[in-house]
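*Asks:* Below you'll find the structure I mean.
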Amino acid sequence: MNTCIQLLILCLVTVINSENSTDNSTENTIKNETENATETELPETFENETENVSETELPEIIENETKIEALNLPQIPKQKYCRTEGQYCSRTYFHRCCGNLVCQLHGFFNGTCVQCLAERKFCIWSSECCSKRCRLFRCRKNPYVQVIPY
């Protein structure tokens, strides 16, 4: 047990000594580099860099970057597959109704675009029904709207 503790202490001491030696070496290299750099070298490098950039390069670079950014933006999909009122629809992405129109199905993926769905027609959301009430995938009569006979 004592030998294990002694080995651990020995390892810690060697690690600490190696870290101290690397710190000293890096400090020496930093001092040497700062001594080698003179005051006249720094302004010359800045002057050379500013001479290389002309005024006409910047707008071209900015224009190219904005064009590239515009290409990377998510585009709003154009509704080239949407159908108008009275046309064929299938409730799929390729044959959907435009705007607020709803597809009234007559069979399996076979329907017509209409303003709203009549009573007892197949629906998914209440907003599709004229009565604004969809229950168990069928448009239902709205009990709150009563027809008063004349």
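Glycine is treated like the rest: Cβ placed from N, Cα and C.
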*Asks:* C123 has a disulfide partner in Swiss-Prot; which of C98, C103, C113, C134 is it?
*Replies:* C134
*Asks:* According to Swiss-Prot, which residue among C129, C130 is joined to C139 by a disulfide bond?
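*Replies:* Of the candidates C129, C130, the one Swiss-Prot pairs with C139 is C129.
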*Asks:* State the three-class DSSP label for C129 (disulfide bond), counting H, G and I as helix, E and B as strand, and everything else as coil.
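*Replies:* In the DSSP reduction, C129 (disulfide bond) maps to strand.
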*Asks:* Which of the recorded positions listed here (N110, C116, C123) have a Cα atom within 10 Å of the Cα of C129 (disulfide bond)?
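*Replies:* Final answer, ordered: C116, C123.
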*Asks:* If you count, for each of the disulfide-bonded residues C129, C134, the other Cβ atoms lying within 10 Å of its Cβ, which residue has the minimum?
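*Replies:* Fewest other Cβ atoms within 10 Å, among the disulfide-bonded residues C129, C134, is found for C134.
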*Asks:* Between C-alpha atoms, which of these recorded positions comes nearest to C130 (disulfide bond): N110, C123, C139?
*Replies:* C139
*Asks:* In three-state terms from DSSP, label N110 (N-linked glycosylation site) for me.
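*Replies:* DSSP call for N110 (N-linked glycosylation site): strand.
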*Asks:* Note down the number of other Cβ atoms within 10 Å of the Cβ of C130 (disulfide bond), including every protein chain shown.
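*Replies:* That number is 15.
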